[in-house]
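According to TrEMBL, the protein carries these features:
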type     : residues                                                       : note
REGION   : 1-110                                                          : region 'Disordered'
COMPBIAS : 61-70                                                          : compositional bias 'Basic residues'
COMPBIAS : 71-90                                                          : compositional bias 'Low complexity'
DOMAIN   : 268-424                                                        : domain 'S-adenosyl-L-homocysteine hydrolase NAD binding'
BINDING  : Gly294, Glu295, Val296, Gly297, Lys298, Gly299, Glu315, Asn418 : NAD(+) binding site
Amino acid sequence: PAAGKVPQASAMKRSDPHHHHQRHRDGGEALVSHDGTVTEAPRTVKKQIQFADQKQEFNKRPTKIGRRSLSRSISQSSTDSYSSAASYTDSSDDETSPRDKQQKNSKGSSDFCVKNIKQAEFGRREIEIAEQEMPALMALRKRAQGEKPLAGAKIVGCTHITAQTAVLMETLGALGAQCRWAACNIYSTLNEVAAALAESGFPVFAWKGESEDDFWWCIDRCVNVEGWQPNMILDDGGDLTHWIYKKYPNMFKKIKGIVEESVTGVHRESILDGLKRTTDMMFGGKQVVVCGYGEVGKGCCAALKAMGSIVYVTEIDPICALQACMDGFRLVKLNEVIRQVDIVITCTGNKNVVTREHLDRMKNSCIVCNMGHSNTEIDVASLRTPELTWERVRSQVDHVIWPDGKRIVLLAEGRLLNLSCSTVPTFVLSITATTQALALIELYNAPEGRYKQDVYLLPKKMDEYVASLHLPTFDAHLTELTDEQAKYLGLNKNGPFKPNYYRY
């Protein structure tokens, strides 16, 4: 949860069309090669699933039933709103679907689908700002441009489309890859950035506020192209991998590997960022209960404590509970403090942590929000009843009002707060994006036989290299081991410095 933490739950896997991947929940990366699946790195789950032969063609506008049979329901984190405050240029009066518009970039190409290609110049400025905060990717671009380690790579990608991922995409292009891209989330696309990418020649299919039908249509437009077949996949959330698996399983014969990533909860300050942006509140002296003291809970508690809040913790695990007590937090059951607290934050990864009974007992103006991965922790559905009134205060902020006039403040409708109401810092995303780029280079260039049908942890050496690329930004000077010290510790002077099981 610390700022700038190098992603550590990194894994590689070779991809086999007969294995269905299990979506991973808590961040980390997985790489997949052409006969295995994407799975959460340390806890691999493999399922054999046979799909009936599907002969339907993907229509331009499939019916609801037809689409359901072709694809699972859109995954929850794909509909979790992301960086909603970050796009300023949406023209709300233009209701025409981008699918119905004929647009061309200045080179005459129409192989893209974005909200408005005219926003490209504004998007380009945002990308240039992001480049300043992504030193490792820019260094990688400079170092590897001559040798083009991704020459011949045809990468199909499905990630958030923001200024930061644009820097990654353009880096992959500079390293020799051909890319086609769709969005992994229907809310998170910055339209101006998508326009800038389309203008510079990237086939991008994404806009903010896609429908579920649009979401799968965009993915299909990336994959189903005459005379172009991907040999690498970069995925965030597994939807692209899933679509290829169900619709075009034969493509896996050509695909050398898959890189799967998620940055959920990597930066602890984002809880403060999200709360400040939505409520403008002061934290000093406020009573806050944080449900769960895992990595996300620890980060939230540390950030709130530093701002002068009185923090209570709920936990089910005696080890995490003891850690909370030794860190100076009062361990309670939720129903013991629910009447007095000013803020309730969930980060357990569980469901029904805050129930209607808890919500009924909260005091007036209590703020309720979620930092866990999906919107199951707060029982929001129980609040949609006739006796309660919902008032939208501003984007991502609702007042829920009881008959007696009591109101609670619900943020992002119980969805992940740090992706709904704030942004992840560019520098943190630089670490993740550089790791992804190196993972793609490693899988693309790996000799036959290096990766078999299995999940592999990304080599720690690679994580250390990514970290070292980011140190010059801080004018940081790393100490080197002497030969004698390295021998004493039984290490190579150049790393890796920690065993694989080490938790940073």
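Every residue gets a Cβ built from N, Cα and C, even glycine.
The Cβ of Gly297 (NAD(+) binding site) lies under 8 Å from the Cβ of Val290, Cys291, Val313, Cys320, Cys347, Thr348, Met371, each of which sits 6+ residues away along the same chain. Close to Glu315 (NAD(+) binding site) in the fold, though at least 6 residues off in sequence, lie Gly292, Tyr293, Ala321, Ala324, Leu331, each with a CB less than 8 Å from its CB.
If you take the C-beta of Gly294 (NAD(+) binding site) and look for same-chain residues 6 or more apart in sequence within under 8 angstroms, you find Cys320, Cys347, Thr348, Gly349.
Counting other Cβ atoms within 10 Å of each Cβ, the binding-site residues Glu295, Val296, Lys298, Gly299 show the lowest value at Glu295.
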